[in-house]
Ligand code: SAH
Ligand code: F3S
């Protein structure tokens with residue numbers, strides 16, 4: 001039995017890919033997944049390249065593993081994910097002790113690569129797959145690979161949008177959607193392991209384009225209706241959608257599908273139309289605000305979160321003020337906000353930076369601070385209210401308590417019986433901090 005250790009960083013798609021790797025390896029009886037790199041025979045690194053320093057981070061980690069390999073030359077080291085897809089053999093040129101380089105679309109072949117590497121002791125590079133949907137075939141989860149109340153399910157992968165700053169279209173390839181039937185089967189399989197909430201995953205979930213059913217292509221909103229028919233699924237979330245394809249049908253789904261939660265993560269990136277153009281985002285701030293207004297007319301309690309890029313080349317003080325105004329208008333609850341970082345091969349990477357790093361950092365701090373204040377206010381509004389909470393397990397910091405999620409995706413801690421796990425319970429909110437709440441079962 002070979003012991004396998006997997007290290008992952010980056011986006012949720014990457015995390016999901018690692019879950020797939022685990023399920024592929026667990027299907028083979030000869031592998032055991034462990035949490036300690038020092039005891040492993042096989043070390044797998046699943047990398048991300050969305051922001052800067054991806055390469056440095058990768059070689060740092062490999063450096064640490066090199067020491068383990070010195071003590072035990074039989075260790076197999078495999079490097080995958082977005083950096084591996086982009087860099088390929090170049091990684092070996094800098095770290096000639098690695099054995100396998102695999103891509104975001106070839107991870108289903110990893111068990112075979114490992115087998116060959118053990119036998120041949122030669123470098124194996126397999127990063128390209130033209131049938132990119134293949135990795136989703138034959139997914140079979142086990143209790144150890146996944147046994148969660150809330151599970152990620154990929155519905156599509158890749159991106160055709162080519163925002164000027166983004167590396168994803170180059171590392172994840174063009175958009176491909178999984179067949180509806182596969183997605184439904186996977187969700188049903190997960191419900192048998194206890195899943196009650198699905199997080200539908202993709203770079204642009206609302207570009208989803210499934211098969212024809214009754215003569216009509218199944219789009220994202222239709223897929224949501226199908227999923228809502230699975231009785232054991234109480235809640236449906238998705239990341240990430242794009243404002244460009246946030247259709248009226250999708251908005252309307254919020255009035256028909258109670259399982260859709262009251263929280264939406266919709267990346268806007270900037271509040272300045274001039275910058276949005278330079279970013280090639282293909283919507284305006286007004287279009288964005290209209291989507292939010294329509295949604296809030298259906299779900300007044302909806303919380304909105306977003307991604308922001310601060311300090312995009314050419315961003316002026318006025319552009320930044322527009323972003324801050326949008327933050328207030330929409331009243332964002334949470335953000336993933338970062339300084340712009342030039343990514344190799346993207347159109348924006350040749351644009352000149354006009355603002356000092358100090359100024360850019362100051363802007364980022366101001367934005368994050370404003371959103372934190374808003375977030376606290378939104379939490380305060382929940383004090384003394386009754387919330388429907390999906391109980392997802394034992395609280396991280398207090399084993400005497402349970403944790404769960406409100407409809408608007410706030411974590412709540414409360415005392416309760418373990419038999420509540422996986423159920424929806426009514427909780428009175430008695431105490432709040434920014435993103436977590438304390439409550440009492442009613
Ligand atoms: N729709 C995709 C977006 C992927 S990238 C998804 O979430 O699946 C995630 C976020 O990373 C983007 O929304 C953007 O805010 C940020 N990002 C992407 N490229 C970046 C860059 N070059 N510099 C800084 N942030 C970046
Ligand atoms: Fe990246 Fe834009 Fe696609 S941010 S993932 S190119 S929608």
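We count from 1, first residue shown onward.
Glycine residues also receive a Cβ, built from the backbone N, Cα and C atoms like all the rest.
Caution: TrEMBL annotation is automatic and unverified by curators.
Just so it is clear, the model here is predicted, and its values are computed rather than measured.
For 2-119, the entry in TrEMBL reads domain 'MTTase N-terminal'.
According to its DSSP assignment, residue 82 ([4Fe-4S] cluster 1 binding site) is helical. For residue 82 ([4Fe-4S] cluster 1 binding site), other Cβ atoms within 10 Å of its Cβ number 25. The [4Fe-4S] cluster 1 binding site feature in TrEMBL is assigned to 11, 48, 82.
Annotation source TrEMBL lists domain 'Radical SAM core' at 145-377.
Using a 10 Å radius centred on the Cβ of residue 163 ([4Fe-4S] cluster 2 binding site) and all shown protein chains, the other Cβ atoms total 21. Annotated [4Fe-4S] cluster 2 binding site per TrEMBL: 159, 163, 166, in sequence order.
Look at TrEMBL and you will find 380-442 tagged as domain 'TRAM'. Note on the domain 'TRAM' (380-442): mean pLDDT across this stretch is 95.
Within 10 Å of the C-beta of residue 166 ([4Fe-4S] cluster 2 binding site) there are 21 other C-beta atoms, taking all protein chains into account. The residues near the [4Fe-4S] cluster 2 site, meaning same-chain residues not in 159, 163, 166 whose C-beta sits within 8 angstroms of the mean position of the site's C-beta atoms, are 161, 162, 165, 167, 168, 169, 203, in sequence order. Proximity of residue 159 ([4Fe-4S] cluster 2 binding site) to non-local residues of its own chain (separation of 6 or more, Cβ distance below 8 Å) is seen for 166, 168, 169, 172, 174, 175, 203, 204, given in sequence order. Cα to Cα, residue 82 ([4Fe-4S] cluster 1 binding site) and residue 163 ([4Fe-4S] cluster 2 binding site) are separated by 17 Å.
If you measure from the Cα atom of residue 48 ([4Fe-4S] cluster 1 binding site) to that of residue 163 ([4Fe-4S] cluster 2 binding site), you get 18 Å. Counting Cβ atoms from all protein chains shown, residue 48 ([4Fe-4S] cluster 1 binding site) has 20 others lying within 10 Å of its own Cβ. Mapped onto DSSP helix, strand and coil, the domain 'TRAM' (380-442) counts 4 helix, 32 strand, 27 coil.
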